[in-house]
Structures are given as structure tokens and as C-alpha cells.
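The following features are taken from TrEMBL:
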- R72, Q90, R95: substrate binding site (BINDING)
Amino acid sequence: MGHSSAVWDHRAAIELIKDWNGIDQVVLRNPQGASARVSLHGGRVISWRNDLGEELLFSSSKAIFKSPKAMRGGISICFPQFGNCSSIEQQGFARNKIWMIEDDAPPLLKNDIRGKSFIDLLLKPGEEEPKCWPHGFELRLRVSLASDGNLALISRVRNINGKPFSFLFGYHTYLSLSDISEVRLEGLETLDYLDNLCQRERFTEQGDALTFESEVDRVYLCSPNCIAVLDHERKRTYVIRKEGLPDVVVWNPWEKKSKAMTDFGDEEYKQMLCVDGAAVEKLITLKPGEEWTGRLELAAVPSSFCSDYFDPQLK
Ligand code: TA6
């Protein structure tokens, strides 16, 4: 039975289940059979499948599903820092916390409901809040699955403090790939980047699309709002659109680092690439009462259709 977008009830398309630790997960489905699974542990998207049931996000076979450690894979919400450069835990604490479902989230400026199944999550500071980041904030996350199978994540950070605070933000996104040596990343050509493997030294990317032959850990600056990851073997293209997120972090640990990670298989670096819409180079500052929004949308399309999606006008 088909659902027209006008009568599509997003609540009928969501299911609440418990994981093996007793933590809630939300499963979103669209009428065509695509799905997404979101864990309240970290607000992490742990699965995104197309209408053929194919998994589009990478999760390690050695991932550890034990709170408070973040599981390796999916999409993690990195807040209030990205990376490991302050006293806050790596990629921030948001991905290690238990979020709650918000039934009456304040409306978004754009209409992001029609034809979509979605869930609104909320993270607020708890009683045992980190002394290293003692700020009053509300972090909202809407995860939505559209009728075309596209996955969107909209995050809002609100300052409910009497004082300004600053933060970094990233959607740390593990894409599932057939073979990293068959992959091209388009849209970052000629940009400046900070190389985390060279003490964040600044370089300029060449004119060609990126291909991968060794470890990479870079922050591309002032990036376009639409980039694409082409998986030649699977003939699949991920189109990544973002708003409010000036940077793109690209990471693959390659062979040596993979072997050093306990929650990652020795050969798994071949099946993944992290491409993260992020705001990591410059801190975002919110005055009391202000709100910031950062949005990520992922589409996975057959590469033959990609030229329609990857419209340079949108860059
Ligand atoms: O994507 C960049 C990065 O911060 C890398 O520097 C690398 O350490 C990686 O992420 C860690 O990923 P994880 O999923 O362990 O947080």
C-alpha cells in the first residue's frame, strides 16, 4: 500500500526497540523499505539502509557496544569538540551520553516534516556534568528519512546560560565502501586543508578528485556545501550536502593504525571512509539565548544518476 506524502504519518513509521544493553533505539522506515536506526546512546545513527536493504554506513565487526564508550561506526555527533585537543574526551562528550526523545521539539525554520519519518532527540547537561565544560546548553537532533531514502541530520545548539560559550561540531560519518582503492572523493579539489598527520600544517589540494593510497586525516577548509564520494565497484555515489558546517574532515586509518585499534578489524580500513561535515577550524560562539543550526543530508544513488544529483550550482 502506498502512502502519499500528504498523508504520511511519521509516527506510524517509527519503532522503538531496546539494544542488548537495554538502551532505546529508534527505527525509522519509509514506504519504499529504506530504514535508519538511531541509538539514544550518543544520538548515533548506527544504520542506514536503502530500499534493497543494503547497509550504507560502516560499522566495525569489532565495535564495542558498551556505554559510555562510543561504538566505532555509523554517524556520531561530535560536540562540543572535534578530535582530541582539549581536556574534554575525544570528539566531545555528546556521543557518549544517553539522549532523550523530545515529543514537542520547537519547530524548525525550514519545513522538514512532509513525507519523512523522523525523530527528535535532546541532550541537556546532567547533574554529573563535565567540570571541563560547565555550560548551560540544549543540543537537539532531528534524524529524518525521506521517501527517496535520503537521510538528514539537523542539529541545533542553544545557549541557555547567562554567559557566552564556544564549541566545535562534527558529524563523524563512516561510509560503507566496497574497496577504498576504488573510491574517488569529488568537490574538495584545490581547497586548503590542515593535515592532522603533519601537526595540522596547512596545504593546498591538487586539482584532481581525491583518491586513497595511504592513511589520511585532513580538515578541508571553506568547503562547498555539496561533495560526492564515488564507489566505482558498487557503482554507488554518496552525495553529501551540508549547511552551517564550513569544513570537511576526511579520515582513513589505513593498515598500521587499523592494527593498533582494538575495536577495528585489521583489514576493515578497506571498506570505509569517514567524510565528516564539520565546524572544526573556528569555534562557534553563542551568546545567551542564541541558537546555531548545522545540517547534513546524505543520498546514496546509482553512479549513473549522479550527475543529476551532483549539481555544481549547489556548491
Ligand atoms: O575524523 C578525524 C578523527 O578525529 C581522526 O583524527 C581519528 O582519530 C578519528 O577521527 C577517530 O575516530 P573515532 O570514531 O574513534 O572518534
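The count begins at 1 with the first shown residue.
Just so it is clear, glycine is given a Cβ too, placed from its N, Cα and C backbone atoms.
Everything TrEMBL records as a feature, shown here on the structure.
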{"residue": "R72", "record": "substrate binding site", "contacts (Cβ under 8 Å, 6+ apart)": "S59, S60, K62, A63, I64, Y174, M261, D263, F264"}
{"residue": "Q90", "record": "substrate binding site", "contacts (Cβ under 8 Å, 6+ apart)": "G83, N84"}
{"residue": "R95", "record": "substrate binding site", "contacts (Cβ under 8 Å, 6+ apart)": "G42, G43, R44, A70, S76, I77, C78, F79, H172"}
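Each of K69, A70, M71, S76, C78, Q91, N96, H172 belongs to the same chain as R72, Q90, R95, is absent from that list, and has a C-beta within 8 angstroms of the C-beta centroid marking the substrate site. For the substrate site listed in the record, the two most distant Cα atoms among R72, Q90, R95 lie 13 Å apart.
The DSSP secondary structure for Q90 (substrate binding site) is coil. Mapped onto three states, the DSSP output places R95 (substrate binding site) in helix.
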